[in-house]
Amino acid sequence: MPYELKKVFASLPQVERGVAKIITGDPKGNNFLYTNGKSVIIRNIENPAIADIYTEHAHPVVVARYAPSGFYIASGDTSGKLRIWDTTQKEHLLKYEYQPFAGKIKDIAWTEDSKRIAVVGEGREKFGSVFLWDTGSSVGEISGNIKVINSVDIKQTRPYRLVTGSDDNCCAFFEGPPFKFKFTMADHSRFVNCVRFSPDGSRLASAGADGQIFLYDGKTGEKVGNLGGSKAHDGGIYAVSWSADSTQLLSASGDKTAKIWDVAANSAVTTFHLGTEVLDQQLGCLWQKDYLLSVSLSGYINYLDKNNPSRPLRVIKGHNKSIQCMTVHNSDGRSTIYTGSHDGHINYWDAETGENDTFTGKGHTNQVSRMDLDSSNQLITCSMDDTVRYTSLTSKDYSSSESVKMDVQPKCVAVGSGGYVVTLCIGQIVLLKDKKKVFAIDSLDYEPEAVAIHKGSGTVAVGGVDGNVHLYSIQGNSLKDEGKSLPVKGAVTDLAYSHDGAFLAVTDANKVVTVFNVADGYSEQNVYYGHHAKAVSVAWSPDNEHFASSGMDMMVYVWTLSDPDARIKIPDAHRLHHVSSLAWLDEHTLATVSHDACVKQWTVTFK
């Protein structure tokens, strides 16, 4: 293969305030699972930089859970589709697909022999279903709750018991198979968010929005007590997870803490304080082997440290909203990837290890649309919050003084030499020098969309929705229209000069990439066809002979300048999501980002 997926830096869990986030583990204890959008993310618990992404659902996925055998994963989405798929092969072949009810699936549980599966959620006619995994035949009826069911679990020892937790403040208890409703437990005064049997089957824990955790006998369903007396947490409890030996319980709460409970002593042995901000609310947790994980409202995954409860061992950061733009900074033989997302976050990633963090301080408050680097190690970004920001790559800290307010919303930014930056706003081209606006062109007869600056001559190429590239030159503190426009096949979506300045590549809405020869008076060098939908991004390789383009067709093409037919096609680079931006780390490594909030690196080999 001329290309190979080298690394995947996965997205964070997609979270919603006041809604529990289910994060599950595998039976062997090596991986953990969560969902974001239409993707199921499988990550190595020891080294989270190792990730695999399953994107076959047509609708956003809510929950995914390994079968106890470890060979299959069941995942459920907002439309009520349940997919059961293979974990042993990279292709993740679909084994079975069911529609237990029409509506959002909120939780899934397997029996310990991996033969029966229970599914609950927001069905229209019913809130749950329990059936054989291979035929779909019913093995009981889930009744007893009169509102949406949030959580389900099945006792992993015989005789089987099944329990559900619902928005009607009740848990329903079932015996089976076939599973029959026995009684409800109406101890909670608010929604029940999570119900879990202990691994040995002796106990059942239920956690609710009333801040209470009730314990029941796993076999009979009789109430045994409630953890911590009257209240276990000061806020709603979204998740609980048992230790492997069934003696302790981990809980996650909206009061921004997680706690470890000694079940026999009925007391909290460790309290993890995870911050004071709203984004520090804890929505999910997982206890797997020696690892204690919790999920914050920010989407961050915290590895909790029993020995130091005030500080997590590590925090996995990243994006959980679509990534809009990226750039790469190479220094001292190391590559750093900078990414900007739909919610205004900017992250920087070590391209080798995947270690990443976010800039500190108060930054953009809305979508980061474009970014570029200047020669003094600053990241220049423009955002829908109507600002252009200059952020030092050494301090990685937002400074309020380094922000330039625009009159209208900026869409694209390009950096030239000598402190010049050109920003395209809606109906406007603005020239900045040394972080100050010095010139603007307001009376445009076209809508500017993309901009690039020739590093040598200072020529500014502006791509318009009118299907032309308009050329300007920077003269002192002004922009002069060169009176020359280069026609392409459709509305310009992106453009880029090669690193040696010899060529200009332009992508357009009509699926075409056009390359112009700069030295030859911007004559058309070649036209490249291949995309099946609008091309959105283009980036040159450091060798100046190859360039990559991406489109709404989820394709990435790597083109050879001298031979338009010698193309490398990377289909489904980010499955079901278009690739929003590209950047080369070196002559053979291409990085891509997408609306799936993931960063991928590809090794490209040329003949």
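Just so it is clear, glycine is given a Cβ too, placed from its N, Cα and C backbone atoms.
Annotated repeat 'WD 1' per Swiss-Prot: 4-45, in sequence order. The repeat 'WD 2' annotation in Swiss-Prot covers 48-87. Under the heading repeat 'WD 3', Swiss-Prot lists 93-135, citing sequence analysis as support. The repeat 'WD 4' annotation in Swiss-Prot covers 138-176 and rests on sequence analysis. Sequence annotations record features per position, and here Swiss-Prot assigns repeat 'WD 6' to 224-263 based on sequence analysis. The repeat 'WD 7' feature in Swiss-Prot is assigned to 270-306. Marked as repeat 'WD 8' by Swiss-Prot on the basis of sequence analysis: 311-351. Swiss-Prot lists 358-408 with the feature repeat 'WD 9', giving sequence analysis as the kind of evidence. Taken from Swiss-Prot, the feature repeat 'WD 10' covers 432-474, and the record attributes it to sequence analysis. Annotation comment: Swiss-Prot describes 480-518 as repeat 'WD 11', evidence class sequence analysis. Annotation comment: Swiss-Prot describes 523-561 as repeat 'WD 12', evidence class sequence analysis. Per Swiss-Prot, repeat 'WD 13' is recorded for 566-604.
The repeat 'WD 2' (48-87) makes no contact with the repeat 'WD 11' (480-518), as judged by fewer than three Cβ pairs under 8 Å among residues 6 or more apart in sequence. Non-local neighbours of the repeat 'WD 8' (311-351) in the same chain are 7, 9-15, 36, 48, 272, 274, 299-305, 357-359, 363-373, 377, 379, 381, 383, 385, 391, 393, 396, 577, 580-586, 589, 591, 593-599, 601; each lies 6+ residues outside the stretch with a CB under 8 Å from one of its CB atoms. Using DSSP to sort the residues of the repeat 'WD 2' (48-87) gives these counts of helix, strand and coil: 0 helix, 21 strand, 19 coil.
When Cβ-Cβ distances under 8 Å to the repeat 'WD 6' (224-263) are tallied for each of 4-45, 93-135, 358-408, 523-561, the top count falls to 4-45. Helix, strand and coil residue tallies for the repeat 'WD 6' (224-263), in that order: 0 helix, 21 strand, 19 coil [DSSP]. Within its own chain, the repeat 'WD 3' (93-135) is flanked in space by residues 22, 56, 62-65, 67-69, 71-72, 74-86, 141-143, 145, 147-154, 156-157, 160, 162, 164, 166, 176-177, 179, which lie at least six positions past its ends and keep a Cβ under 8 Å from the stretch. Counted with DSSP, the repeat 'WD 8' (311-351) comes out as 0 helix, 25 strand, 16 coil. Broken down with DSSP, the repeat 'WD 4' (138-176) shows 0 helix, 19 strand, 20 coil.
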